[in-house]
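These notes are about the structure you will find just below.
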Amino acid sequence: MREIVHLQTGQCGNQIGAAFWQTISGEHGLDGDGQYNGTSDLQLERMNVYFNHASGDKYVPRAVLVDLEPGTMDAVRSGPFGKLFRPDNFVFGQSGAGNNWAKGHYTEGAELVDQVLDVVRREAEGCDCLQGFQITHSLGGGTGAGMGTLLISKIREEFPDRMMATFSVVPSPKVSDTVVEPYNATLSVHQLVEHSDETFCIDNEALYDICMRTLKLSQPSYGDLNHLVSAVMSGVTTSLRFPGQLNSDLRKLAVNMVPFPRLHFFMVGFAPLTSRGGSSYRQVSVPELTQQMFDPKNMMAASDFRNGRYLTCSALFRGKISMKEVEDQMRNIQNKNQSYFVEWIPNNVQTALCSVPPRGLKMSSTFVGNSTSIQELFKRVGDQFAAMFRRKAFLHWYTGEGMDEMEFTEAESNMNDLVSEYQQYQEASVSEGEEEYLAEDIVDEEV
């Protein structure tokens with residue numbers, strides 16, 4: 001059955017990954033030791049997408065945990081779900097990447113990468129029909145960004161026809177952890193544009209805003225942020241893990257969401273938002289879910305979709321919901337907000353429905369949108385990159401690891417191209433599109 005192999009790299013990736021495994025173990029009725037004590041057959045039916053059934057009736061995640069320093073791994077291992085993972089699947093170095101993309105991609109990370117690929121290969125061989133890979137990492141650091149993108153391109157080489165989805169935490173405008181974030185992020189985006197099939201962009205600042213504005217948490221911890229991310233990851237992967245009336249898998253999602261191969265950076269949202277450990281205080285209805293889901297305040301990336309247009313989007317509903325009601329609501333949203341959807345892709349909203357709600361909720365919805373406003377995010381990083389690169393600030397850390405300045409220039413222009421592509425399709429109209437098609441036809445004939 002369509003398995004997915006999960007990789008988590010770097011500190012951020014491992015913390016988000018741990019939260020994700022905790023969430024879906026709960027949904028499938030597994031305890032911290034991987035023993036099943038659930039209540040419904042639905043939990044078992046497609047357990048094998050993410051879990052391997054081992055001896056002693058234990059379920060083991062198909063997860064590979066990677067880091068260049070042992071700290072985060074130890075934290076995962078000693079956490080409540082530490083015994084869940086297969087001990088051989090922890091692959092770590094000792095030196096750390098020190099927030100340096102070049103260390104993760106070229107020196108330290110490159111030494112460890114073969115060891116990781118062996119584990120990935122072993123996991124892939126244990127699958128009946130591997131659907132693809134998902135990777136959690138941040139783009140601002142050294143290991144998640146540098147080594148994460150190295151792994152993506154290596155896995156791409158070895159499994160060219162499998163899907164590659166990434167959950168990438170992008171640097172946020174106000175909350176910055178390191179000065180060299182713009183460098184690391186630009187170099188990573190340069191890789192993701194080429195090697196990933198779908199990238200779900202998550203942004204710490206947007207998560208902080210949700211925690212403070214919507215959930216009224218005065219001092220959100222990373223635990224609270226990771227809880228939100230794991231809710232989205234669980235939502236995006238629901239239809240792979242549970243039966244439903246309208247299912248989608250990674251490939252179906254990509255086919256419906258990516259109109260042009262380079263434009264595969266998605267904004268994600270989730271409704272209803274609840275804080276960790278808290279439950280919803282009122283009954284939620286489908287209209288409310290759709291309303292909340294399309295609310296800019298619910299987006300987990302700090303770019304406002306009202307400044308751009310949706311090329312495509314997808315809504316995944318969970319719970320006992322009537323299909324008709326969902327379709328009516330989605331049509332309603334499209335009719336009311338026509339200006340936010342490009343008119344040259346008719347019916348560009350895809351819906352999926354799954355009958356099993358997340359724990360503690362009657363129904364929920366996950367939103368994935370391919371909006372041209374994501375360019376704001378790249379623009380912002382690009383401006384910060386340009387400001388530092390103009391003075392060649394901090395560059396010696398990268399060139400010292402064997403990188404060349406050309407690589408920075410290439411990465412910068414690739415990201416600028418991405419921004420202008422998004423802008424071009426934002427402004428495109430139906431008639432223009434027709435002219436372009438005609439022009440292409442004429443060129444073809446001449447050839």
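Heads up, the Cβ atoms here are built off N, Cα and C, so glycines get one too.
Matching GLN11, GLN35, GLN43, GLN283 to the GTP binding residues that Swiss-Prot gives (GLU69, SER138, GLY142, THR143, GLY144, ASN204, ASN226) identifies GLN11.
Taken residue by residue with DSSP, SER138 (GTP binding site) is part of a strand.
Neighbour density around each Cβ, counted as other Cβ atoms within 10 Å, peaks among the binding-site residues GLY142, GLY144 at GLY144. Summarising the environment of ASN204 (GTP binding site), the number of other Cβ atoms within 10 Å of its Cβ, over all protein chains shown, is 23. GLY144 (GTP binding site) carries a helical DSSP state (H, G or I).
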